[in-house]
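Here's the structure we're looking at; comments come further down.
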Amino acid sequence: MRSRLPPLNPLRAFEATARHATVAKAAEELNVTASAVSHQVRVLEESLGVDLFIRSRARLKLTPAGEALLPSVRGAFEMIATAVAKVGETVVAGDLVVSAPLSFTSRWLARHIGDFLHRYPAIKLKLIPSNDDKEVYSPDVDVCIRYGEAHWKDRSVTLIEHPSLYPVVSPALMNGPKAIRSPDDLRHYALFCEHAGSWMRWLMEAKVEHPERMRILEIGNAHIAVEAALHGQGVALGDSISVRDDLVEGTLVRPFKATVPSRHPYHIVRPPERADSPLASAFVFWLEQLLSELV
């Protein structure tokens with residue numbers, strides 16, 4: 001007789017918490033609340049009858065039991081992911097049309113799409129840079145990545161990530177007579193964004209005096225705002241997905257730790273009749289896996 005296994009969600013919560021050493025980061029990766037992650041970990045501990053973490057105000061530390069369990073759990077998830085990917089790579093073929101916002105497409109997806117094409121050489125992919133609802137209801141579009149409220153009727157909607165917002169600048173603005181050293185220094189520069197309210201929220205979070213005196217320019221497209229910052233024209237309020245690679249490459253710098261949540265999350269939106277199609281499922285699985293690895 002096969003031994004009884006713990007539920008999958010508690011195991012996922014344990015693995016993510018152990019990897020990040022914080023409940024908050026695990027919750028962000030899994031797109032759930034921190035209390036939900038803590039609850040799932042406690043469920044697993046009660047199921048096994050042991051403590052898996054030494055809890056303190058600082059980073060969590062695994063107990064000997066947790067250290068013994070982690071390699072097997074992590075290995076199991078990696079084996080599942082590899083097996084699913086191999087199955088998809090060998091059998092999925094056809095035309096796939098994906099629509100995503102310009103900032104998401106150009107600043108993040110375009111830098112990683114080669115991995116998807118390598119994994120699924122038989123898929124003919126077409127990308128449409130748009131955040132318009134017309135593609136959501138178009139019979140010619142298989143998958144939409146959308147930034148906004150989950151208001152799409154008669155569609156399968158999955159939240160994939162709720163990014164954080166923070167200022168990003170060209171490294172050139174970090175030096176010189178008007179070098180950015182504190183949030184108050186931002187008054188020397190134009191502040192680019194898609195919605196002025198987001199900048200105001202960040203300025204208040206950073207406790208900037210008289211934020212209403214700042215020169216905030218609504219550009220109407222997050223991609224253009226970030227491009228302006230890249231060329232040293234001012235400071236953009238970037239989201240944690242779209243500017244992630246620029247920060248890693250050093251073409252942009254994040255001068256302050258303060259963050260605010262974006263106005264809306266990113267969602268995957270699909271026609272219900274094609275939500276579980278092999279083509280759409282292959283892309284969504286790849287996207288979710290890659291986003292989770294980059295947290």
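Note: Cβ is positioned from N, Cα and C throughout, glycine not excepted.
No curator has checked TrEMBL annotations; they are predicted automatically.
Per TrEMBL, the features are as follows:
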- 6-63: domain 'HTH lysR-type' (DOMAIN)
Looking only at the domain 'HTH lysR-type' (6-63), what is the model's average confidence as pLDDT?
87
How many of the residues that make up the domain 'HTH lysR-type' (6-63) does DSSP mark as helix, as strand and as coil?
36 helix, 4 strand, 18 coil
